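Below you'll find the structure, written out as structure tokens, and then a few comments.
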4 protein chains.
Amino acid sequence: MSDIKKVVLAYSGGLDTSVILKWLQETYHCEVVTFTADLGQGEELEPARAKALAAGVKAENIFIDDLREEFCRDYVFPMMRANALYEGLYLLGTAIARPLISKRQIEIAHQVGANAVSHGATGKGNDQVRFELGYYALDPDIKVIAPWREWDLTSRSRLIAFAEEHGIEVTKDKRGEAPFSTDANMLHTSSEGKVLEDPWEETPDYVYSRTVNPEEAPDTPEYITVDFERGDAVAINGEGMSPATILETLNEYGRLHGIGRLDLVENRFVGMKSRGMYETPGGTIYLEAHRGIEQLTLDRGAGHLKDELMPRYAELIYNGMWFSPEREMLQAAIDHSQESVTGTVRLKLYKGSVQTVGRKADVSFNLYSQDVVTFEDDKGIYNQRDAEGFIRLNALRLRLLGQRKRGG
Amino acid sequence: MSDIKKVVLAYSGGLDTSVILKWLQETYHCEVVTFTADLGQGEELEPARAKALAAGVKAENIFIDDLREEFCRDYVFPMMRANALYEGLYLLGTAIARPLISKRQIEIAHQVGANAVSHGATGKGNDQVRFELGYYALDPDIKVIAPWREWDLTSRSRLIAFAEEHGIEVTKDKRGEAPFSTDANMLHTSSEGKVLEDPWEETPDYVYSRTVNPEEAPDTPEYITVDFERGDAVAINGEGMSPATILETLNEYGRLHGIGRLDLVENRFVGMKSRGMYETPGGTIYLEAHRGIEQLTLDRGAGHLKDELMPRYAELIYNGMWFSPEREMLQAAIDHSQESVTGTVRLKLYKGSVQTVGRKADVSFNLYSQDVVTFEDDKGIYNQRDAEGFIRLNALRLRLLGQRKRGG
Amino acid sequence: MSDIKKVVLAYSGGLDTSVILKWLQETYHCEVVTFTADLGQGEELEPARAKALAAGVKAENIFIDDLREEFCRDYVFPMMRANALYEGLYLLGTAIARPLISKRQIEIAHQVGANAVSHGATGKGNDQVRFELGYYALDPDIKVIAPWREWDLTSRSRLIAFAEEHGIEVTKDKRGEAPFSTDANMLHTSSEGKVLEDPWEETPDYVYSRTVNPEEAPDTPEYITVDFERGDAVAINGEGMSPATILETLNEYGRLHGIGRLDLVENRFVGMKSRGMYETPGGTIYLEAHRGIEQLTLDRGAGHLKDELMPRYAELIYNGMWFSPEREMLQAAIDHSQESVTGTVRLKLYKGSVQTVGRKADVSFNLYSQDVVTFEDDKGIYNQRDAEGFIRLNALRLRLLGQRKRGG
Amino acid sequence: MSDIKKVVLAYSGGLDTSVILKWLQETYHCEVVTFTADLGQGEELEPARAKALAAGVKAENIFIDDLREEFCRDYVFPMMRANALYEGLYLLGTAIARPLISKRQIEIAHQVGANAVSHGATGKGNDQVRFELGYYALDPDIKVIAPWREWDLTSRSRLIAFAEEHGIEVTKDKRGEAPFSTDANMLHTSSEGKVLEDPWEETPDYVYSRTVNPEEAPDTPEYITVDFERGDAVAINGEGMSPATILETLNEYGRLHGIGRLDLVENRFVGMKSRGMYETPGGTIYLEAHRGIEQLTLDRGAGHLKDELMPRYAELIYNGMWFSPEREMLQAAIDHSQESVTGTVRLKLYKGSVQTVGRKADVSFNLYSQDVVTFEDDKGIYNQRDAEGFIRLNALRLRLLGQRKRGG
């Protein structure tokens, strides 16, 4: 293990990564570089600096980066262009953040001359896979340290004992029976484990932190508009905003109206089923809005192809394959389809649900034609008699099959 | 046209099909057989008999069939096994009813010795395609009469004039500006045209007929359970029911809680976009419940394959290809996956939304294992160190790609 | 019909299009513009000019264009990047030429102010669809005249009678029982109809015109190399060439060695099966070479995704959907995958078959690593013990399924 | 390791598995049960019995089973129904044999009360994955011993030293530089490693053992017929045969005419590329014949769906996922499509290639209709004017896109 000289740790400043930081120093006798990303998880990040310093990390080895705009612009929005849902329901809030963290960790490793990286994901989950596939894709020679798979701190009590021995602060809530694993960023908050492990038991309301209970949401619906340009949201209620501001604003609407709660049993890449709770307030609104504008501006052939490719695309992101050629190929196809996805969607927010109630687009983007669809006179654009030939030729092979069934 | 001797008309007893009945008699000088299907559309059907008799149809040429159980058992439930959604949102309520009507019409044609069939679908819509692909698949030599594509009653006023000339009753609401086209059956009610044609305008509340406005739904959530066996619902709140009773019962819950309203701009098979309103109260609950039980009982490989096949399957149904070999192939695959989809789902209904909050299954169906997933000791079922090899081999090709990018 | 002022006809100078030219003049009393494309079909095109002039076409209304390079560069090569085969076997030689002809016809129409286009494809085939989908996609208001669907010259004898009445030369071979429909361009020659209509009868050798019978090909194999850059062939035997020269050179090799003959019963877009004969000498070699270089330079994830998308892509081209958004989306994905498809393939040509026998690529393109794959010492790149974890986690869901089958 | 009581070893009697047998006895001090399968690999199997006895295996612990009919009927033929090709070219000859071996090993384990199984596949290849996924799927609690990943006999010389120390016969050819890894069964023979490791070097002719060099094949083509029923071959040249006899007979034809040689660089499931040589004489003929009969008897919709699903299906088999729910789902879809795939194909065999030159089927299976396709009078089955409507409605969305491009 003496070949580990310097390691970049994905560091939150919380109990687990604080223990890891100390454990890395003790186990590998190496220099530890901490990297703390602001992905909009809603926590103060400066305390992480103080803790790292206290743990003996050199000031120049502490990296705290605000990645919110990059996260939204280069990860969340491209994913939303695909209407990505894993297993029909999950908006991939954790999965989409991992590649960005991996990428930044590798960049820092190259910058500081580290030859290893480390993370705090456990050995049963998806996140270890996502982090490490990212690391290896971006630096095939990097060494990866996954403490949860290596150390002997395999129970909560041993971890806490280690912390106390090493003077790491253990807050009261960490001692109790809190959900073992949570994750948060601008797009979502997730929880797994403990009280959620029995999939027949309803998720207790106290597990939710990002949305009001729909029953306590306003009794009056609220309407908002979202403007899209080339597949990405650019304005809310007519006010232009940066990607991160778009998502933060939608998060506020979602929180208020109790939108985006999901209780799910899902299939992990490592082969087991797990039960989780997700809150994706702004993302849920965004997805509905994006589908809404596509309804008007996306061609049927493009839309159906997107729908068929989407499950694979979502699976790739879920499995940590963001930096794979096949994800990039699918992205190229999806992005090509979004060139004319420009217009405005009107949404109704009410007690846990969001629905498209109106969409409009300029004539240079709109494919919906009242003239064509009308039951009234359509001025000759569509000749109803064409339908006969259309049907008869689509039916021809079915008729030949029918003749065969009758014995020729 | 003298080769039309006897024609079986899909007949509702309403204005349009009454005009068609008369027009067929006048135009083809042929015997008309009327077929009226009870698909749970919630209308009295006996008046259709009186009207047919009054129009000169012989008593033995009037067919009124209760197809509700067959519809649910052989069409709706198999489709639900696929979690079918067209364009991500539409539950295919109209599309799934058409093949059954076509099938029964052809059976009657064979029974009464008719050599033609007719329907009241217009020349711009999907339903003409669905009816006629069904006819041709089941009887390749059948003659099809589609009055809306043939006659000159191309405006509403000419149609009404024809009705009045021929003593056909025209109710007041038919004279006004009602939505031009509606369809209803047990699974859903749809509306298109007129007030809905501007996709920026919110659907007026009076267009909805099957659900209360969510804002007027009860202020207290309601919980129900649905039991599944081999992929199909068999009981609600523990009470065993026939397929049609299942759907009717869920419709009642959906109506009460304002569930299943959809405002959509969709792509028709004939090549244009249209805007429609759908209400699918019970079906929306059913789909959520089915996804819920699959979460626990369906293998990941099976589930992901289903998700990838689903858009194609839904498209086939939408396009009227129910009787195609490729729909049957997909059904065979889907049905195979449902053999162990057995268990109970608990749902929360509240102001327009339905959510799975619990699911359970017997040990012989359940694939979720608390023992495996737990962060605590899993008794050796899962060795966390296996994850390293899993990740490293999944990463191998990405590392080779990374090496290449660096120039080998 | 008086709204047809000027029509651009896809004109070969042969009997059929000569009759169409005259028929258009007589039927529509309009100006006819002839367009003759050199797609490498191996015929003199200047006689078409003389014939058009003789038929009264103005000199400035005669267009004869050499499209060979554009055809190869922008149509054949992009298609080959996908390894496109329709129904597993057909290299799409006719289908890929139609969009280019359509595109040029519409360009000429705009240039000369014509408001209509016309072609000589029959009413049962795929080519009418391909031409017309191209026309409509590129000019939604263009008028399309398809004489074979409109006129009454529905038998061979009536067509010839019309020709003779109008002084159109009818060569002797056109009077006999030659295959009714042939098509030729640089990529292939096809024949359908007459002697080929019985699919049990072997295609007579005289139907082939582009390749020697394999039995008469040289008794000694020949080896050639093809160099690829970013997915496209750029050199043969080390000699750099333009796209069209590449294909012409491969055609020569293919002709000599009897490569690329195909006897096929295929499914037409219009719903029937037909039996055809294809000769694609150079294209068959090209496809093998392209697959060969991809073996070395294309990542597995990219390659498998390509393989899954290919049948759809081929179907789109076959059906005339070249100018559709979904074909463009797939092209974007495919092209993205080709960025590193650079290297050299060595092929063996012998009596009707072509096989890759060697491939090599620079280290910056090659993904094959002798060091990794070797059974000998691999210097630690691959740790065989990783395979255990890889297998065990891939097996986990199968084990849980197995436990369930046993009753938990 | 004391928990291994009895282990069932997949045993060929060759050097490697003889060493493994001895190593298992020494390492685990357990009873070893040998299982030798006759999959038509063309070797005497009785010597394996003598060797096992000599190694101290009890007579009742030696299993030698003739699995040839089961292999063809339940594995090869179902796979051929899918026209399965991995990466466009490989007929999966090794991959398809592994699940049957795994299944029989587990059956024997249950019969003799063994709690472990073992195989001789190396730690870099696909076969370890295929064997072990099969084991785990069929017995989730089975213990798996993979000596190549565990022991220290990691070089050829150490293996041979161990053999000599333990009195295991080492034939001369095993001492030289033969290809390290070969596999053979009725369907194919494969070779990898050593002289094949440089993918630029042509495979030397001496590596091939199952086919003559095409250059030495007969100078005269040979014609044969193959009859199919419901998707499976049942007769050759009109003579009914069992599945295994069909394949053996086709192997003879293939051997004689040099058919089925393949030189491939492929992507292994474990993440690397490898170069291999395959000979699949009978399988190559079978696949061509099966495609030939499908051309006449399989509907377009079914055929295109099959083509799209095939790459995934082939990948699943390649990756060892035969016993997965998703492979079974795909098989259900594929098998459904084969119900009418009945008829006769005529093939031409000549110097390395096989081509369909004729196919016929009874009227109750045939979908090809000379009447429909003919350029001559088709008696009204197909109305050419229908094509106009067909094209115009297929074009509608392209026209709307075209209008939009022009700015509405």
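Including glycine, each Cβ sits where the backbone N, Cα and C put it.
Any TrEMBL annotation is an automated prediction that lacks curation.
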Further L-citrulline ligand in TrEMBL, beside A:Asn126, A:Arg130, A:Ser181, A:Ser190, A:Glu266, A:Tyr278, within candidate set A:Tyr90, A:Tyr223, A:Tyr313: A:Tyr90
Further binder of ATP named by TrEMBL next to A:Ala10, A:Tyr11, A:Ser12, A:Gly13, A:Gly14, A:Leu15, A:Asp16, A:Thr17, A:Ser18, A:Ala37, taken from the candidates A:Gly93, A:Gly113, A:Gly120: A:Gly120
In the chain carrying A:Ala10 (ATP binding site), residues 6 or more apart in sequence that have Cβ under 8 angstroms from it: A:Thr17, A:Phe35, A:Ala37, A:Ile101, A:Gln105, A:Val117, A:Ser118, A:His119, A:Gly120, A:Phe131
Cβ neighbours of A:Ser18 (ATP binding site) where a neighbour is any other Cβ within 10 Å: 25
Filtered A:Ser18, A:Thr122, A:Asn126, A:Ser190, A:Tyr278 - binding-site residues with C-beta under 8 A from chain B: A:Thr122
Sparsest Cβ surroundings (other CB atoms within 10 Å) among the binding-site residues A:Tyr90, A:Tyr278: A:Tyr90
A:Ser18 (ATP binding site) and A:Ser181 (L-citrulline binding site), Cα-Cα, nearest whole angstrom: 15
Rounded Cα-Cα span from A:Ser12 (ATP binding site) to A:Arg130 (L-citrulline binding site), Å: 17
Local Cβ density at A:Asp127 (L-aspartate binding site) - other Cβ atoms counted within 10 Å: 21
CB contacts for A:Ser190 (L-citrulline binding site) [other CB atoms within 10 A, all chains]: 20
By Cα-Cα distance, the member of binding-site residues A:Ser12, A:Gly14, A:Ser18, A:Thr122, A:Asp127 nearest A:Tyr90 (L-citrulline binding site): A:Asp127
When distances run from the Cα of A:Ser18 (ATP binding site) to each of the binding-site residues A:Asp127, A:Ser190, A:Glu266, A:Tyr278, the nearest one: A:Asp127
Packing count at A:Gly14 (ATP binding site) (other Cβ atoms within 10 Å of its Cβ): 17
Structural state of A:Ser181 (L-citrulline binding site), classified by DSSP into three states: strand
Spatial separation of A:Thr122 (L-aspartate binding site) from A:Gly14 (ATP binding site) - C-alpha basis, Å: 15
A:Ser12 (ATP binding site): secondary structure state under DSSP, collapsed to three categories: coil
Cα proximity to A:Glu266 (L-citrulline binding site), best match among binding-site residues A:Ser12, A:Asp16, A:Thr122, A:Asp127: A:Asp127
